[in-house]
Amino acid sequence: MEDSQETSPSSNNSSEELSSALHLSKGMSIFLDILRRADKNDDGKLSFEEFKAYFADGVLSGEELHELFHTIDTHNTNNLDTEELCEYFSQHLGEYENVLAALEDLNLSILKAMGKTKKDYQEASNLEQFVTRFLLKETLNQLQSLQNSLECAMETTEEQTRQERQGPAKPEVLSIQWPGKRSSRRVQRHNSFSPNSPQFNVSGPGLLEEDNQWMTQINRLQKLIDRLEKKDLKLEPPEEEIIEGNTKSHIMLVQRQMSVIEEDLEEFQLALKHYVESASSQSGCLRISIQKLSNESRYMIYEFWENSSVWNSHLQTNYSKTFQRSNVDFLETPELTSTMLVPASWWILNN
């Protein structure tokens, strides 16, 4: 959980005043952090689009999310504030009330220890430096072990719900335009990742900065779509393709557009690298290609999957959800996702 301190003094004062006014009980400060991260246009409240972008989990349908939003919106303003979030979730915390309180204490303790380490490490003896490194490593191991347990619990509960609903819900596709660039409202992070290359370069299966063959195919698809959108298009007689009954007729092409906050570009690139490496190793992933638009921090990601079921299952994996959660912080606006089925024969011909 991120530190709730803000980079902007005015935001700092606003959060402190809000926290004081609400008299938040121990552990409830997480909802200040949730509001801050989900509030993309920095107006201090969540619209339904912002709420959906943050809370959608691939299980609840759009209608269910809409119903939940209005249940939480007790002020009937079509917006949610921290008071409403706290009021709703505090009724359902159960044992997690103690968990959130412990996380709040843990967050403060770690920040305090890190500050002490930063101040004293350089002047410490070799033995003291060794002990510090050892404690940092073991603390990280313990936290990762807890994270793994939580991720297993998440997967189990979500899979159980999907089985009860007899199949995965269709993911929400968001198309939101925000008024202007989002201001930076997060804590300055330690710059521990420093790729020196100005371009994102990953050497791995299925991922190249410039993949001429598949960029050509993608461009052909884009031109075809552009032609179909023209009103004066003259359609030629279709060329029929006979498909055998046991042949997979289509594959899923997914296009994802992401506008990255400039100051978070390096961390986004690292998260993207980990995501692509994990996704490319999946049996149902045929290929992933990436384009970065020049002179702006905008990425186009093209994913080829065997079918829509495989892609929907991929969305529920830990690595995919981790990437989605990190994008809440890294992106100026929610990503735009579009999908289309293309003939599987196109893939076979080019492989």
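Quick reminder: no glycine exception, Cβ is built from N, Cα and C everywhere.
As the structure is a computational prediction, the values presented were derived from the model and not from experiment.
Annotation comment: Swiss-Prot describes SER4, SER192, SER197 as phosphoserine, evidence class similarity to another entry. According to Swiss-Prot, the feature domain 'EF-hand 1' maps to 26-61. Per Swiss-Prot, Ca(2+) binding site is recorded for ASP39, ASN41, ASP43, LYS45, GLU50. What Swiss-Prot lists as domain 'EF-hand 2' is 60-95. Annotated coiled coil per Swiss-Prot: 135-163, 209-275, in sequence order, evidence recorded as sequence analysis. For 180-203, the entry in Swiss-Prot reads region 'Disordered'. Per Swiss-Prot, compositional bias 'Polar residues' is recorded for 190-202.
Secondary structure of the domain 'EF-hand 2' (60-95) per DSSP (helix as H, G, I; strand as E, B; remaining residues coil): 19 helix, 1 strand, 16 coil. Note: LYS45 (Ca(2+) binding site) has non-local neighbours LEU35, ASP39, THR77, ASN79, LEU80, ASP81, i.e. same-chain residues 6+ apart with C-beta under 8 A of its own C-beta. Other than the site residues ASP39, ASN41, ASP43, LYS45, GLU50, same-chain residues with C-beta atoms no more than 8 angstroms from the centre of those residues' C-beta atoms, the Ca(2+) site, are ALA38, LYS40, ASP42, GLY44, LEU46, SER47, ASN79. Annotation note: LYS45 (Ca(2+) binding site) sits in a coil segment as assigned by DSSP.
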